[in-house]
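Participant: This is the feature table in TrEMBL:
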COMPBIAS  26-37  compositional bias 'Gly residues'
COMPBIAS  38-52  compositional bias 'Low complexity'
DOMAIN    95-515  domain 'Major facilitator superfamily (MFS) profile'
REGION    1-59  region 'Disordered'
TRANSMEM  129-149  transmembrane segment
TRANSMEM  161-180  transmembrane segment
TRANSMEM  219-240  transmembrane segment
TRANSMEM  246-267  transmembrane segment
TRANSMEM  328-347  transmembrane segment
TRANSMEM  378-396  transmembrane segment
TRANSMEM  405-421  transmembrane segment
TRANSMEM  493-512  transmembrane segment
Amino acid sequence: MMKPRRAGASRGYEEMDGSNVPGYGTRNGAGGGGGTGASSLGSTGSSADATSPINGNGGAPPEFELASVSVVPDDTFTVTQAVNALGFGWFQVKLSLCVGLCWMADSMEMTILSVLGPALHCDWGITRYQQALVTTVVFLGMMLSSTFWGHLSDRYGRKPALTLCGVLLFLYGLLSSVAPSFGWLLLLRGLVGFAIGCVPQSVTLYAEFLPTKQRAKCVVLLDCFWALGACFEVALALAVGPNLGWRWLLGLSAAPLFAFAVITPWLPESARYHVASGQSDKALTTLEQIAKDNKRPMLLGRLVVEGPSGSRGSVKALLGSSLRRTTLLLWFIWMSCAFCYYGLVLMSTELFGGKNKTVLPETENDCHPLATTDYMDLLWTTLAEFPGIFATIYVIERFGRKKTMALQFLFYAGCVLMITVTDVRVFLTIILFMARGVIAGLFQAAYVYTPEVYPTALRSVGVGGCSALARLGAMATPYVAQVLFQSSIWSAVSVYGFFAVCASVACMLLPYETRGTDMGQ
């Protein structure tokens, strides 16, 4: 039932159990009738429990036990408390599907890099260094644009940035399929990378709508869409590549990008962003929509900002005294994570493709397209991301974010070093399966930790900065996985093992553990 509108409240809302509980002042002898005991708390201008024994003012203890949402002083509540009170429901399910489609499209554009190089080598006779350049230019665009998208998201909102990203990504992805020359292809793939740089902002938007208890689990489960997109791209390459060629493969891979571009106008804007930017009415409208979709009563009271807003969208603020250590360690962790992940993806193609051919001097006629068995083995190793995701969900809430990432980096290092001890295809597939699963889960663990450790005003630029450094690692990895790997497998896997061990140490040096904490506003 709806309660009477209180003085000082911007709107009338239905009471949540355990939040701004009616009659609280009466039970403590601090208020009269009218069912507005909570408003008497606000009239005192003091803390939430003005008459409790804790404050030394005497009074009987309350006869009820508060629920998970705390009583807020002066009849106010924050976005964090509202999101936690409204819980996980249909609103978050819809958002999961929208953001998941974005991740699926991103995954397809990344996975296609592992099969595009060999196809271009056969079609245009490009060298191995040029194959590596096709991959590098995509990550260069992503690196250069990550901080741009972070600034755009923090200043104008997550939704406008993702809308522009969806349109550009589809446009440049489709144009890549009709590139007339290698130079044009490099330019267009670089622009694809520029647009993809905004994709991490979808995780920021998603995490800001998740209750604390479900946040880690849901963000990690989001990687299911990435794995699904990777599997779909490999299956599409198997069906389309041998018969229609790489141009059709690029064109058809842009289909999910079109779908995402169409649905972005219906994405909600972050309520945390609206509050931090002084647009409380819009934030309330969004929270009301969450309450309606989740079939939960809306909180009663006035929406306020939790804590100081700080510098908005400032890279300089990321390197301030309070965040410098966290930021520098996260930059190295993200760089190592991308370096190891995409290195494994590219090494898988090299390992499987190399088993069906004799290595010849590299000439324009030296063409060795991937066979059906190569695609099937790539598909099997890609499927490893699913068990990796579920294992991460189990571990991350029991051991925390830092220990989970540290252990996963060590496990990855052990797996890649095992590549050198066997050349049996079945054993290689098993080793790559385990390594792919653990590095995929690790990437998602980093996506869980990073938005949690930064305040709202710096969250997008913080994630964007980490993403930029990740792309730096991804830019370098083709020259290890595709070039150095051909001359010395041991040297290549040793590089990956070294970076993984160093990143494991960096994870343990992070100053904050965010398990079970609310996202700072």
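Cβ coordinates are placed from backbone N, Cα and C, and glycine is handled just like the others.
Curation plays no part in TrEMBL annotations; they are all automatic predictions.
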Participant: Quick test of the contact rule: Cβ under 8 Å, at least six residues beyond the ends. What residues does that give for the transmembrane segment (378-396)?
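Facilitator: Sequence-distant neighbours of the transmembrane segment (378-396): 111, 114, 216-217, 220-221, 223-224, 226-227, 230-231, 234-235, 238, 348-349, 352, 370, 404, 407-408, 429, 432-434, 436-442, 444-445, 448, 515.
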Participant: On the 0 to 100 pLDDT scale, where does the domain 'Major facilitator superfamily (MFS) profile' (95-515) sit on average?
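Facilitator: Reported value for the domain 'Major facilitator superfamily (MFS) profile' (95-515) is a mean pLDDT of 82.
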Participant: Test of understanding: applying the rule of at least three C-beta pairs under 8 Å (pairs 6 or more apart in sequence), is the transmembrane segment (219-240) touching the transmembrane segment (328-347)?
Facilitator: no
Participant: Tally Cβ pairs under 8 Å between the transmembrane segment (219-240) and each listed stretch (161-180, 246-267, 405-421, 493-512), then give the stretch with the top tally.
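Facilitator: Stretch with maximum Cβ contacts: 246-267.
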